[in-house]
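Peer 1: For reference, the structure I am asking about is given below.
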Amino acid sequence: MRKTDAHILVFDSGIGGLGVADCIRRMLPAATLGYVADTAGFPYGAMSDEALVTRVLTVLEQAIARLRPDMVVIACNTASTLALSALRSRHDLPFIGCVPPLKWAASVSATRQIGLLATPATVDRPYLTALMQEHGQGCTLHAHGARHLAGYAEAVFRGETVLVEAVRAELGILGMIPDIDAVALGCTHYGRLLPWLRQAMPRPVAWLDPAEAVARQAARIAITAAATAAPDSLPRAAPCWAQTVFTTGAVPDEATRQAWAAEGFPEWQPLEIASA
């Protein structure tokens with residue numbers, strides 16, 4: 001794999017990974033990107049841990065067998081937390097995951113009061129305690145699980161209207177504690193809602209989107225792999241799935257297809273899942 005021809009597959013339950021894909025595209029403009037959206041499984045937060053791991057393993061095993069990428073970016077906090085170890089043990093290729101950027105929040109907070117805006121499934125998982133113990137730097141964490149924000153992000157992607165008042169209602173305690181000065185986004189979908197979140201919050205805070213950090217890690221691995229490639233190896237042609245989004249759910253309508261195209265994925269193909 002060379003920096004100029006890395007074949008990278010981005011995975012999420014929906015459109016949450018598009019921010020990560022955009023950052024990768026800027027950092028590695030010659031890389032080939034494809035996208036797998038497990039739309040039939042959205043939202044992942046509604047699944048049990050066991051069901052989610054089974055789902056992610058099944059979808060990605062079939063996608064990897066079909067597409068043969070050099071690297072897979074798991075642009076989903078929940079899937080990263082639960083399934084990353086199993087994926088790495090089953091496949092001989094790099095997997096990049098994402099976790100809530102609590103270390104970043106702790107590093108920028110002046111009040112030592114930080115927020116986490118995530119899905120209820122993420123907020124309820126015990127790994128947050130371990131993250132805070134390792135990276136919290138003496139901060140107090142105020143976590144809120146928003147039930148509808150991921151769906152609102154999907155609606156914005158489709159061109160539907162989402163009201164600031166609806167987003168404000170999803171902020172929970174984060175909008176009530178005046179000392180919070182940094183909020184980590186614990187769901188990649190939420191980056192699409194940043195304009196709404198800034199308007200909805202009753203005071204200015206730093207909104208921390210992990211998309212760029214995830215992309216930087218992917219770029220580092222791609223560049224390292226390129227540096228160790230044989231010096232006389234030739235660049236490869238882009239695979240047939242370049243700029244293609246694969247979805248597991250219903251066939252997207254024309255407006256949704258156009259929205260994917262506007263995000264750099266003008267081609268669409270179904271990803272048939274035998275069982276999950």
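Cβ atoms here come from the backbone N, Cα and C positions, even for glycine.
Straight from Swiss-Prot, here's the annotation block:
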ACT_SITE  C76  active site, proton donor/acceptor
ACT_SITE  C187  active site, proton donor/acceptor
BINDING   D12, S13, Y44, G45, N77, T78, T188, H189  substrate binding site
Peer 1: Whole-number answer please: how many Å between the C-alpha atoms of T188 (substrate binding site) and C76 (active site, proton donor/acceptor)?
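Peer 2: One finds 6 Å between the Cα atoms of these residues.
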Peer 1: Looking at the binding-site residues S13, Y44, T78, whose Cα is closest in space to that of C187 (active site, proton donor/acceptor)?
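Peer 2: Ranked by Cα distance from C187 (active site, proton donor/acceptor), first place goes to T78.
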Peer 1: I need the most crowded of these binding-site residues: S13, N77, T78, T188. Count other C-beta atoms within 10 angstroms of each C-beta and give me the top one.
Peer 2: S13
Peer 1: Work through the recorded positions one by one (D12, G45, C76, C187) and point out the residue whose CB has the fewest other CB atoms within 10 angstroms.
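Peer 2: Across D12, G45, C76, C187, these recorded positions, the one with fewest Cβ atoms within 10 Å is G45.
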Peer 1: Given H189 (substrate binding site) and C76 (active site, proton donor/acceptor), what distance in Å do their CA atoms have, once rounded to a whole number?
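Peer 2: Given the Cα positions, H189 (substrate binding site) is 9 Å from C76 (active site, proton donor/acceptor).
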Peer 1: Given G45 (substrate binding site) and C76 (active site, proton donor/acceptor), what distance in Å do their CA atoms have, once rounded to a whole number?
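Peer 2: Here the two Cα atoms lie 11 Å apart.
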Peer 1: How many neighbouring Cβ atoms, not counting its own, are there within 10 Å of the Cβ of H189 (substrate binding site)?
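Peer 2: The answer is 30.
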Peer 1: How would DSSP class S13 (substrate binding site) in three states?
Peer 2: coil
Peer 1: I'd like the number of other C-beta atoms within 10 A of the C-beta of Y44 (substrate binding site), please.
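Peer 2: A count of 26.
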